[in-house]
Structures are given as structure tokens and as C-alpha cells.
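Only one structure is covered here, and it is reproduced in the block below.
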Amino acid sequence: MLVSAKEMLTKAKAGKYAVGQFNINNLEWTKAILLTAQELNSPVILGVSEGAGKYMAGYKTVVGMVNGMLEELNITVPVALHLDHGSYEGAKKCIEAGFSSVMFDGSHYPIEENVEKTKELVNICNELGLSLEAEVGSIGGEEDGVVGAGECADPDECKMIADLGVTMLAAGIGNIHGKYPANWAGLSFETLDAVQAKTGDMPLVLHGGTGIPEDMIKKAISLGVAKINVNTECQLAFAAATREYIEAGKDLQGKGFDPRKLLAPGFEAIKATVKEKMELFGSVNKA
Ligand SMILES: [Zn+2]
């Protein structure tokens, strides 16, 4: 059964580790992530962007697929199904479809409007026992066509949003979605420290986990980051493994064109990436 992300993140923040949010795109992605979490006895958050939800034929299809897998694959570790960077309308749709967690990304609204809409969603989520992630200060790079500049959040605005009763808070600290440019300045630990000082026990979320050096990830966790989003890295691993299979001509040998064979190397590559991240984040055996 799907669970809210609240308990797993409260435990993570207290225990100084982070739970990975791995975004899903299809059946192979979902199965690879769930099986790896179960094998490593780790809690996990499945992330779904609005674009990926649409690609997978809608939120209800996603909920049906994930719930089916939890049962048929005997997944017993805590799993949250979470809308990533949701719009106000998207968040409501996911709640209706059966997601156990949503992110409302109101970072592009003026702070007053972000507060207003976040407050409404806090009430809905509290009533239903769902977790809610809010964002302050846009996160750089491109995600589903939304391009942000990679700013640092204002710690006072973070406190304002945290005080509304959200479960977790994504604050921009110089992080970027997608691949990091060669001239990237790195994470602003000064900002992260200031945000944590103002928000106390609130689990903080680090977006754009792909390509952040390991020592920076570990330092961010020590400063209160309890959820780290990984998306691009699984995509790159899947693509590289699939390319290798086809370039080696394996799809032309025997029944190598069978999708169950063709997609197997990419599936294994996602599993390996998720395992590496769970070990780095410290969530292994924390289920
Ligand atoms: Zn993000």
C-alpha cells in the first residue's frame, strides 16, 4: 500500500540520511526502482512529473500500475507516489487519482499567491493524510519545458511556507535540473544552513541530484536535506545501456528484438543507478 512521505522523511532527517525520489517514465522504470528498494530494504519515493503522467496515459493509469506492482511484486518497504513539480490543478488531479504525496510548485507565483495556494493544498492533504512538498526560489535548468534560473531561496520566505504546515520544503540552493554546466558554482551551503536554521525539523528537498559531487551530497544531508530527487541520471544510464545493446547488433541476433530482451540492459542500468544512489544517500536498511 502506498504511504505518505511524512514518516519516512521525518525519520531520515532525524537519522541524518536522505530518501531518494526516483522519477518514473514507464513500467520498466517503476519495476526497476521498486525491486531495488525492496532488495536494499530502503524507503523510496516514486516521482511523476506532469509530462510523465501524461506520457503514461494519465495519473489513474500510474496509480493502477504502481499499486499492482506493490502487490504482485510483494513490495513491503515504504513507497510514496509523488507528483513532481505539480501545478495547482495537477496536484488536485493526482490527489483524486490516488497519489500519496504531491509537490505544489508555486515558486513562479509572487510569494503571497504561493502562500495562498499552498495553504489550500495543506488543508486538503492533511485531511487525507497525504504529504505535500512546497518550493521556494526556483530551481535552475529545464524540467518539462519550465526553465528556471537556479537562484537561492530567501530563508524568510522558506520559513513562511514551512509554517503553513507543508511536509517538506524544496529550497533553491544553486542546484539545477539536468546536467550541470562545467562552470557551475556548486551548492550554496550558506543558504542551506540559513534555511535550516529558520525551518528547524522540516525535511528539506534537494532537486537536480544528477551530477552533484558526492561530497556535496553528503554535506547537504548533514545540513538537513532528507529527500533527494534523481531523474536525469536514470535516463542517461538507460539510454547508454540500450545504445550499447543495439550498437553491438544484439537486437539482430536470434530473438534479440523482443522488447523483454531489448529493454533488459536499460532496466538493469536503472537498477544499478538506484542502488548507487541509495547507498550514497544512506537509506539502505532504513525501511
Ligand atoms: Zn525538481
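Each position is counted from 1, following the chain as shown.
Including glycine, each Cβ sits where the backbone N, Cα and C put it.
Source: prediction; values computed, not measured.
So that you can see what the record holds, here are the features copied from TrEMBL:
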ACT_SITE  ASP84  active site, proton donor
BINDING   HIS85, HIS177, HIS207  Zn(2+) 1 binding site
BINDING   ASP105, GLU135  Zn(2+) 2 binding site
BINDING   GLY178, GLY208, GLY209, THR210, ASN229, VAL230, ASN231, THR232  dihydroxyacetone phosphate binding site
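Feature annotations (TrEMBL) mapped to structure.
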residue: GLU135; record: Zn(2+) 2 binding site; DSSP class: strand
residue: HIS177; record: Zn(2+) 1 binding site; DSSP class: coil
residue: HIS207; record: Zn(2+) 1 binding site; DSSP class: coil
residue: ASN229; record: dihydroxyacetone phosphate binding site; DSSP class: strand
Surrounding the recorded dihydroxyacetone phosphate site, with Cβ no more than 8 Å from the Cβ centroid of GLY178, GLY208, GLY209, THR210, ASN229, VAL230, ASN231, THR232 and those residues left out, we find ASN23, HIS177, HIS207, GLY211, GLU233
Close to ligand 1, in the sense of Cβ under 6 Å, among GLU135, HIS207, THR232 as binding-site residues, are HIS207
In the three-state DSSP scheme, HIS85 (Zn(2+) 1 binding site) belongs to strand
Largest C-alpha distance in Å for the dihydroxyacetone phosphate site residues GLY178, GLY208, GLY209, THR210, ASN229, VAL230, ASN231, THR232, as a whole number, is 11
Of the binding-site residues HIS207, GLY209, THR210, the one whose Cα sits nearest to the Cα of ASP84 (active site, proton donor) is HIS207
Binding-site residues GLY178, ASN229, ASN231 vs GLU135 (Zn(2+) 2 binding site), shortest C-alpha separation belongs to ASN229
Between the C-alpha atoms of GLY208 (dihydroxyacetone phosphate binding site) and HIS85 (Zn(2+) 1 binding site), the distance in angstrom, to the nearest integer, is 12
